[in-house]
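What TrEMBL records for this protein:
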- 320-474: domain 'SSD' (DOMAIN)
- 75-94: transmembrane segment (TRANSMEM)
- 323-340: transmembrane segment (TRANSMEM)
- 349-370: transmembrane segment (TRANSMEM)
- 419-440: transmembrane segment (TRANSMEM)
- 446-474: transmembrane segment (TRANSMEM)
- 572-597: transmembrane segment (TRANSMEM)
- 776-798: transmembrane segment (TRANSMEM)
- 805-825: transmembrane segment (TRANSMEM)
- 831-849: transmembrane segment (TRANSMEM)
- 870-894: transmembrane segment (TRANSMEM)
- 906-933: transmembrane segment (TRANSMEM)
Amino acid sequence: MGKPKPDKISTLGSMVPPPPEDWEGWKEVKYNPAFKGTGLGNYSLYLHHSREIFLDNMSNFFFRLGARIEPNPKLVIFISLFVTCLFIPGIFLLKAENEALYLWVPQETQVWEDFLYVRENYGGQRRVTTLLITAPDGEDLLDGESIRSMINVHNNLTSVFQNKEGRTFRDFCVKDGKGRCQVENFLSIWDYNASKVEDDKHRLLYQINQYIDNVPASIQFGGVTYAPDGSGVLLGFKAARMQYYCTNDIPTTVTNLNNNTKIMAKQWEKIAFWYDPLWQVTDWEANTMSFLKGFSPIIDVNCVTKRSVDDEVYRLVIDDTPLFLSAIFCIILWLALTFGRQNIIEARFLLTWTVAIEIACCLIFSYGVLGYMGVRVSSLNAIVPFVIAGVSVDDMIVIEDFFNKAEGKKNRMAECLKAAGVAITTTSLTSIAAFFTGAWCDMPGVKSFCLGCFLAFTWDFVLNITLFPALILIDQRRIDANRHFLFPCIEVDESHKARERSSSMSAHVERQKSVKSVNTLSSMGGLSRAGSSFSRSAYISIRGYKEKPSAVEHFMYAHYGSFLQYETVQMWVLILFSLSALLLGVTSYFAGVGLTIQNVLPYDSYIIDFVESVDSYFPTNIDQLGIIVRDLDYTDSTQVSNMFDYFGFVQRYEGIEGNVGMVPGSWYANYAFYLYSNDHDIYKDFPTYLEEWFEGDGESFKSDVVCKTDDEPNRAGKCVDIVSSIYKVWHSSPDDTMETYRVQKDLNEGVTRYGLPKNSYVFSEIFLFAVTDWHMYGYICWNLFLTIVIVMVVMLIFTDNISCFFITLMVIFIDADLMGMMYFLDINISAVSFICILMSIGLSVDYCVHIGHAFTHSDGETPNMRLVEAVKLIGTSVLKGGMTTFLGTIVLAFSGSDAFRTFFKMMLMTVIFGMLHGLMCLPVFLTMFYNLAGRAAHYENDKGQVGSKLAKGARTKKEIKAGKRIELAGVEVTVKSRAMLEEEVEEAPPPPPSTPKVSFGAGLFGKASSSFQYDDNPMRR
């Protein structure tokens, strides 16, 4: 015998059809009129059934989990804290990274591979110390006394000033082929000998102008005054820039270290995780500023080192620590006002402090795992505590709310987790999935931040279903024992709690009397507003009959939900939100692009003042371009000729300063001159004399080539051919990275056009950021697409297909709005904003999933009634969650970093758009979809009440008047006003079930809706 066919099947999932193989009446279900026009086929029905089975099993899992926690909450607390403490050692393994190249440049691009090749073969890793020298009164520096003071500063900095170990700059500077420290300044004119500097200004002008014939003046001289005749003769300068290059290798490579020190350093590096392999260099850099400050009364010396950025970022994190504590305090204060009841027994003030405990545990777990994994963190990881503080509380609010609703049940915590577990799992998994996607990003700074948030949110979810329920149970035991909410050791008279409850009950007795007639109507089958707003004792069911709902709760289900039912309102919501997403999405294309050093440093940082001073004196940014020529056959005259033709193209290109090879000329030009001077053929004899030349006159050019050595024993290690070489040239870089990208693209296209080997290219470190900025918009869109797809898959598991579609649509709308607002808030598209947008996906889902879940599983007979029920059930919790996120991040508005303030702006927009779309757009879209799909006819309650579809011809306000009889769903009914209904309830018994009476009223906004009752009195509406 086959299984009987169910009487009806809900299209929203209140009743689940069995799988095909277990149900002989499958065809009847497939062709059931209830599914007509819904588009549900066999696969959708089977997926629907499988989802319901999965969710039932998950609900049972949370029920069993709550049942196990309830008798032993202290054991659960101990286990949770003990496991968290296991990750504390990992925190000491954390290493910071503040070098922009290693944070914000994608590492799976060609330009990054080019950078790695240059760094490996041509000494690309250098630590730069920059000195900016000006006159105290802002006057000209072109005089003998000022130049002699500069030479004195140079000699003391390079030879006299020592670190704690007695090492000087010469011990760890970057050296050329002849062992000379690499520095960039014009003092080499006098061989760094102050006695050679004359006081005759004309002589000084002649020497400096000869120097700038080979080196562009704008590189080392600022505030330059030129001759008015346009000859380019330098007459004076107000600032001088000098740069010193330190090695970025470990100090065991320093030449003057003895063997014992080298061995000891290597041993410490292996066994001590706090050992800094660059300690000698960083120690020298740390004291450079104090050494140079006030060094000379004649000139002002300002200095910035590589360590300066690290120190300023560290200061930023320390200065923002009080802001994090303030955020925690604000959240605790907010929860203290919302958790429990406001009396000296039932207030849950101590429970709110568990927020701080849980946040601390999440941070310990996150940073500990990052330390164990060896992931380098950036300054943006300091924002993780604020994110956790603002978001992790949302699930706590939901759990505490459901725990209150389960009051009086036998297994209270089990029932609480059974009801709340699936909802918080859905929201947590969407946030975790969003950050998990970002953790695979090939941009290290983004990857580090997203991985930290992924770990923190994962552990937060674990603690929310273990530690927090256990703490609630401990606090509930205090309440049951009538202990004081601040001093649990003090027992309070139970009459305090009783008076509060009595007062609350007396208020509700009056309320119940006022709505008694309306509830009676609901029991008789009266639909519309009476059924949606007051059915099932709505005023009493929020937290049980003992507690009066707050003003916000009352507003959400008594006014706001009813307002959203008007068809005119719904149409305007559809139009406005759709246009907003479209227009702001298009506007986002015009947002600026790029991230500067000013964005990541404190506003009061001396580095920002230094950079601004450099920009004022040196308006043109001059940097070195490296032309990397690989696999060129120097014995082939055609290939060599092509190379020089390309050099000519480069030298004619806009912004190029000087010749390829700069002051000393290129290594090839010098080697070819050597061959020609010794009567050798520059092509045939090219490989023959390479080693001889590099050992003699060409020793300083060894760092410019990569040699191929002979493997034969008698010529081992000798250079016999050139595998790769670099040719340097000065270039004035544009301020706009988009223009810099155009330069990089043009020069590299010229490599192919002039016939150089395919693996040759032009490189500069600024190209890394230019290429990154150029592709950032598409990079963000692609990663957002992947993140949304993953989040959609997660929602498809936990929600029905229709809710999943509309929630995904809301996420797309929110991200489009955010990216468009970046243009109006003057926020550039960068790695920082990319992180914010990526994070907004996980956060915005939280605002929508709860509403969508409540709408789907509502008991409302019509879509409009489900809208009211959803807003009533979860709207207040969504508002609370948005408020905690706002409180957790608002303190970032007072941060000293532009990056942190950008984060606050984006988070604020996420909260605003998230709540607007979650509380207004999503329920309206769902309601309109089900109404337009013709599903209102299938929403009948379990008592067989007649649906509320209006008959043809009864569609307008004029046709629906009090006292008029109309035909509704084959039943003749009388239209009555609210006052008539209330009087009828008091005077007459309810009508028999066979002839139900359905009431409608006159509407304010035009066309009457079949899902709720219009009231003749607008004040009551």
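Cβ coordinates come from backbone N, Cα and C, glycine included.
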Close approaches to the transmembrane segment (831-849) from elsewhere in its chain (Cβ under 8 angstroms; 6 or more beyond its ends): 103-104, 380, 387, 391, 394, 423, 426-427, 430-435, 437-438, 443, 445-446, 449-450, 453, 457, 595, 599, 776, 779-780, 783-784, 787-788, 791, 795, 798-799, 807, 810-811, 814-815, 818-819, 822, 878, 881-882, 885, 899, 902-903, 906-907, 910-911, 913-915, 917-919, 922
Cβ-based contact of the transmembrane segment (572-597) with the transmembrane segment (75-94), 3 or more pairs under 8 Å: no
Tertiary contacts of the transmembrane segment (906-933) (same chain, 6+ residues out, Cβ under 8 Å): 37-38, 390, 560, 564-565, 569-570, 573-574, 577, 802-803, 806-807, 809-810, 813-814, 817-818, 821-822, 825, 827, 833, 836-837, 839-840, 843-844, 846-848, 850-852, 855, 863-864, 866-867, 870-871, 875, 878-879, 882, 885-886, 889-890, 892, 1011
Residues of the parent chain within Cβ reach of the transmembrane segment (870-894), under 8 Å, 6 or more residues beyond its termini: 323-324, 326-327, 330-331, 334-335, 338, 383, 386-391, 393-394, 397-398, 401, 533, 538, 542, 550, 552-553, 556-557, 560-561, 564, 843, 846-847, 850-851, 853-855, 858, 900-901, 903-904, 907-908, 910-911, 914-915, 918-919, 923
Whether the transmembrane segment (349-370) meets the transmembrane segment (776-798): three or more C-beta pairs under 8 angstroms: no
Non-local residues, at least 6 beyond the ends, that sit with Cβ under 8 Å of the transmembrane segment (776-798): 51, 54-55, 106, 422, 425-426, 429-430, 433-434, 436-438, 441, 589, 593, 804, 807-808, 811-812, 815, 819, 829-831, 834, 837-838, 841-842, 845, 849
For the domain 'SSD' (320-474), mean pLDDT (0 to 100): 85
